[in-house]
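I have placed the structure first, in the form of C-alpha cells, so that the comments after it can refer back to it.
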Amino acid sequence: MPVKKRVPFVAFRTRVRDETIGGPNPYRWEVRTTEDYFSGKRVVLFSLPGAFTPTCSTQQLPDFERLYDEFGKVGIEAVYCLSVNDAFVMNAWGKALGLEKVRLIPDGSGEFTRKMGMLVAKDNLGFGMRSWRYAAVVNDSVVEQWFEEEGFSDNCESDPYWASSPQNILETLRTFDTARLGRVPIKF
C-alpha cells in the first residue's frame with residue numbers, strides 16, 4: 001500500500017460490551033467502519049498473522065501496549081491492531097493479554113486486509129488466509145507512512161518481524177517529527 005493512498009472503506013463486525021444485556025456474555029454486535037477508526041485522526045495501524053500466535057502475543061502486541069503513551073508524544077491519537085480473526089477471538093485475545101490501550105479490530109473475512117493488498121496464504125501453518133505483518137501511520141484516512149516486513153509471499157517459511165515493531169515505528173516517527181519541525185536531534 002503506497003503512501004498518500006486512502007485506506008479502503010470496510011465495515012467491521014465488532015462485539016462491544018453492553019451492561020444492559022446482563023448475563024455471562026454482555027456483548028452486542030456493532031458495525032464500525034474504517035471512517036470510524038481513521039477519519040479525522042492520526043493513528044498507527046498494525047496488522048499481524050493471528051491472535052494467540054507466538055510473536056504476536058509475546059512481542060508485537062504487548063510491546064505496542066507497553067509503548068502506547070510514547071506514540072502520543074509524537075502526535076499519534078490511537079493505536080489499532082488488526083488481524084484476520086473474528087470479533088470473539090479478538091476480544092478473548094485482548095482479555096487474555098490484559099489490554100487497556102491498544103484497540104483491536106477484527107477483520108474476520110479478511111476484506112480490509114485483501115483491499116490493502118496484504119492477504120497471504122498461510123496454509124503451510126494451517127492458518128488459511130491471513131495478513132502479512134505490516135504497520136502504517138494513517139492520517140485522516142490517508143496512509144502517511146508504511147512499514148512492511150520483507151519477504152511478502154504465500155506460505156512463507158519464516159515470520160520476519162522488525163519493520164512493523166513499535167520500536168522501529170517510534171524511531172521513524174521521532175526522526176520524521178524532528179525533520180519536519182526543523183529540530184536537530186539531541187544525542188546523549
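The backbone N, Cα and C atoms fix where each Cβ goes, and this holds for glycine too.
Per Swiss-Prot, domain 'Thioredoxin' is recorded for 2-152. If you look up Swiss-Prot, you'll see Cys56 marked as active site, cysteine sulfenic acid (-SOH) intermediate (for peroxiredoxin activity), on the strength of similarity to another entry.
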Exercise. Give the number of CB atoms, excluding that of Cys56 (active site, cysteine sulfenic acid (-SOH) intermediate (for peroxiredoxin activity)) itself, located within 10 Å of its CB.
Key: 23
Quiz item: Quick one: mean pLDDT on the domain 'Thioredoxin' (2-152)?
Solution: 96
